[in-house]
C-alpha cells in the first residue's frame, strides 16, 4: 500500500470507530470491488444515513426476534410446557444432572441406569454444548434470584436460540450483501418451517443451538474474510469450538470451509485475508475439536477432517508460490517452476500414496458410519439396519421441500444467481453453502435443517435484489444514475425505506415476469436484472413496480401464513401427549405414556430393570427414573439385538433371556385398542431384522406369511407364539369387544387378530394404561417348588374328585 | 547458463535460483525477517516432533497432538502477522500494525490456552 | 445366702429349660391316633430335641394352619395315607402354601395314598404311584413276618444323601409302602432312599399283565426336597419306616439266607427328621460388606483397577445355636453378563469369609454373586450390585516422561511468542 493510501486509510479509519460506538447494530462493512475514491465517497454517504433508518432497523430486528420466539410457542399453548419426543428427554436428564452435580461430575459421569449391565460413559459420549448452555442459563437465572425450574429452561431454550439464529443470519448476510439483504434473511430464518420443526418450545435437542452456532461460525468466518483481522479469526475459532461441542453436524463446516478455500484458490480469488480467515481457524479448530471427548482423536484421524488438512496444504502451497513469484525476477521464477514441477510432483505422489494407503486400510475408508451413510445413501440399509430404521434418515419426498421452505424454493436459484453479480469471496461462500446443503438435504430428511438457513440467506439476497429494483423504480424514477452513486443510492434506499422491507418480500416468479424493463444500468453487476433492460432508460415503469411490490407483499404474506400454519398444525406435537377431537369438537387427550412412566416411578423398586424397545429408553430413564436395558443412543447393536431376539422368541426362551439380564419389568407399547399407529407391533419387523442380524436363529421369513406381515389367523406360528404378540394382545380380545363390538379387532392393522386366547406362564401383567397404549409386565421369578416337570414315569394324573373342589376359605386366609 | 552436460546445467540453475532468491530476500525489512525466522523455527520444531513421534510411538497422543498443533498454530499465526505487516500487501484495508499485533497476541493466547488444556 | 443361691439355681435352670424348650411348634397330623404309640420312639426323639408336638387327627374339623396372616405352626409332620381330604383348613393347597412360606414338612404316606396326598406330593415334585401299588421286591425282602407279598423291602441310602443324613448309613432301611418317581431334570429333589435293582412297583398279590412303569433304582422310596426359599420337605412312601417295629427289627434278612444285624431305620428316620426340621445343614448369611481396600466405606461405585475387600458372615445352626460355618469351597463371583472373577473365600474360623479382589479393567455394572449350593445345606444366594466406572479425567497419569519433548516444544513456542512481542513492542530502534 502506498503511503498516501495508507494515510487516507488512517484518516478514514477513525470515523468508523465512532460509528461503531453509536450503532448497536453492526455498521455493515460491505465488500464492494470499488476503487479507493469510491471508497471514500461511499463511506461519506454511509455517514449520512439517517438515524431513523437505524432505529427502524433495530426495531425490525427486535420484531424478528420476538416473532422467532413466539412462533415456536404453539405447543406450549396447545398442550403444556413439556419436553417433546425422545432425545430431548435424555438431554433434559443430563441438564438436570449438570445443575445438581456440577460441571466436573458431568464430565466424568458414568451412568449405570442405562444399557444395563454395560453402563454408559455419558461424559465422554455426548455433545455437551446444549447442556452447558442450558446449565449456564439456569445458573445465571438463579444467580439473579429467578427460581426457574430446569425444565422450563430446557423447554424455552430452543426458541431463544432461534431468535439468536435470526440475528446471526442478519449479520451473516449483511457481510455478504448489505443490511437490507440481512434483514430479509433474518426474517426468513425466523419463521422457516424446517428450522421450526427442530426448535419448537419443548424440543430440547442439539439442533436448537447448533443451527445458531452454524450460522454464527459462518458469519464470523465471512467477517474475518472481509476484514482480515486475527481478532475475528479468534472469535470464529471460538464459535467453531462451540459448534463442535453442540452437534455432530460440525463436520459439515469442516468440509465446507475447505471447499470454499479451494474454490477461492482455484478461481483466482486467493488473498491474504483468505489465509487469515482459514488457516488459524483450522488449527485452533482442530485443537478445540480434539478437546471434546466425543470427537477426541477423530479430529485428526477420521477422513471427515482430511479435506480441511488438504486445503490447508494447498493454501500454503499457493501462497508460497505467490510469494516466491513476487520475490524472484521472472526468469528465475520460470526456472524454479520447472524445478518444482519435476521434483515436487514426485514428493506429492509419495504423500498421496501414503494417505491413500492409510485410508484404504480401514473398511469404511476412514469415514464414520454416519458420514458414510451421507455420502453413500445405500450404505446404511446394507450394513447398519439401525441407522436405516430411523425415519429421519430416509430421503425426503419432493413435497416436503415445499412444506419446509415454501417460497424459498423459488428464491434460492434467484439468490444463487444474485450472488454471482457481484461475486465476492463472501458471496462465493454462500453459493457453495447453498449448493452443498441442497445436495445433503436430498440424502436425508434430517438435513433439510442445514438447508433451511442457506435457503433463507440466498432467498434474502434474492428478495433484497428484487425489492431494490422495485423500490428504486418507485422512489427515484427521474434520477440519471451514475456508477458510484447508484451503489450508494442502493444503500440509501435500503436504509431509508426499511418499512416495506421487513414485511414485504419478493415472490420471484410472478414479479420476474413483470420486471421486463430493467432498472440499473451502466455499472457492472449493479443488479441481476440488467439484462432485462430493453428500453435503454434503465428503469421499470412506476406502475409496474407498484404492482410488482404488491404481488411481492402478497407472496410473502402467504409465506408467513404458511409458516404459522405449519408450525401450529404439524410441528407442535410433543409426541408424548396426543390429542384428538371428539365429535362434539372438544379435545380428548391421551396421556398414556406419562401415566405409565409415573406408575413405574411410584410402584416399582428403585433398582429394578425395565426392558423395552430402544425407542422408549430415554423417556423411561428420565421420567420413570428406572434402569433400562437399551435406549435411543443405540451404541451397542448386540445388546439391542438381544432385546429384539427376546421379543421375537417364544415365551419361555424370552423369559430366560430376560432373567439372564436381571430384568424385572417389560414395557410394551400397543396401539391396537385406540388406533395409535407407532406401536411395537408395527416396529416388530425391525426387531426381527436387528435381532436376526446378530443371532442367526431369528429369521425374518419365519415371521412373514408369504412375504407379507400380518397379525390375523394367516400369521405364521412363530409370530403368533412370540413374546411381543402375546404381550400386546393379552386380554385384548375381551376388551376390544367393548370398543369395537368385535372380538379381537385391531384398529391399527384393521384385522381380527389371529390368536385370541392368550395365556402367560412366565410373565404377569401389572399395568395397562387408560387407552391400552402402554402395557407393563413383570418377569416372574423361578417358582419356589418344581411342579409339572416332564416325567416319563409319572402315572396318569389323578382324577380330581368333586370333594377337592370345595371352597377353601374356612381358614380365613386372605386370597393369594 | 550453459555448461558441459545437462546435470551440471541443472545444478547450476538451481544454485542460480537460490542465489537470486537470497539476493531478493535481503531486501525485505528486518521486522519481517525476524517473523520469518520464528516461523521457520516453529516449522522445524513441528517436524522434529513428528519424527520423534514416529520413532518412539504415539503413546500420549494428546501430548503429541497438542505440541504439534502448538507449533503449527504458532507458525500460522506468525505468517498471518507477517502478511498483515507486509506493506506490499493490498489485501488488508485499514488494518493498523498495532491492531495487527494486538490481534496476534490475542490469538496466540487463545491458541496456547487450548494447547495447555489438551496437552494433559 | 443359701436361699438366694437356690433361687439363682432355679432361675438358671428355668432359663435353660426355657431356652431349650423355645423350639418351634410342630403340628403332627396323624391319620390314626394309634400312631402315637406305634411310633413312640420316633416322637420321643423329637420331644427330646425340644419340639412341642401337637397331635391332631387327619380329619379333625378344627385343623388349622394359619390364623388370618400368621402361621400357627412352624413345622408339620404328616403321617397320613388314605384320608380323602384333610379336615379343617389344612388341605393339600394349604400345606403347599405352608411350604412356600418357608416352613418345613415331613410327609409319610402309604400304599393307600389318596388323591389329596398325591396332589400334595406332586406340588413338591414327587410323583407318587397310583393308589394300591406297593414296592415289591421278590428277591430281596425282610422275612421276619414271612409275608407272602414281599412288600417289606430294604432301601439303599444314596451316597449323595449322606449330606442330608449326616453320614452314610450302611444298615438296610426297611420300607413298606408306595413308591414314587422324580422328573429327570429336577434340580431341587434329592432321592434319599431308593429301592434295590430288583424292586418293582405293583399291586401286591395281583399278577402283572404288563411291564411295570417304575422299577429298580428309579423307584424312589424317600425324597428330600429343599425349595428355593430353603423350606425343606421330605416325602416318604412308608409310614411304617418310622414305626417302633421297624426300628427294632433285627436281624434283617436281606435275601433269603443272608442275615444282617439291626435295621438302620432308627438312625435313618431320626437323621432325616433332624434335617427336615432344619436342625442340620441350615446356613445363614449376614453382614455382607464390600469396601474399598483399606477403608471402611462402601462407595456408590467402584473404579476400574480398584482393590476391594469383600466379607460375609456365614453361620450354621448346630446344637441349638448359630455356630461359625467352616468350609473351604465358598466362592465369590464378580459378574457382568458372565463372571470376570471367581475367587474362593477364606474364613477365619469365626464365620467371616473374606477376600480381596482387584476389579478388572472393564467398566460396567457388575454384581458380587455368592451362590452356594451344596447338597444338604441351605442354598445361599447373595447378589450385590457394584457399578464400576472408568477413570476420571484427572486420574490418568500426568507428566509422562515420553511426552517431555512435547512439553518442551510448547514451552519454546510460548517463549518465542513472548520474545517476539517484546521485540516488537519494546525495541528502541524503530524497526523498518
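A Cβ is built for glycine as well, from the same backbone N, Cα and C atoms used for every other residue.
Remember, TrEMBL labels are computer predictions, not curated facts.
A quick note: this is a predicted structure, and the numbers were derived from the prediction, not measured.
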Of A:753-784, A:785-816, which range does TrEMBL call region 'Disordered'?
A:785-816
The annotated transmembrane segment range in TrEMBL, which must be one of A:27-50, A:51-74, A:75-98:
A:51-74
According to TrEMBL, transmembrane segment applies to one of these ranges: A:209-233, A:484-508. Which one is it?
A:209-233
Quick one: sort out which of A:544-568, A:569-593, A:594-618 is the transmembrane segment according to TrEMBL.
A:544-568
TrEMBL lists transmembrane segment for one of the ranges A:401-420, A:521-540, A:621-640; which is that range?
A:401-420
At an 8 Å Cβ cut-off, counting only pairs 6 or more apart in sequence, do the transmembrane segment (A:121-141) and the transmembrane segment (A:209-233) clear the bar of 3 or more pairs?
yes
Tell me whether the transmembrane segment (A:306-324) sits in contact with the transmembrane segment (A:239-263), defined here as at least 3 Cβ pairs under 8 Å among residues 6 or more apart in sequence.
yes
Contact between the transmembrane segment (A:427-445) and the transmembrane segment (A:51-74) (at least 3 Cβ pairs under 8 Å, separation 6+):
no
When the pLDDT values for the domain 'Oligosaccharyl transferase STT3 N-terminal' (A:64-458) are averaged, what is the result?
90
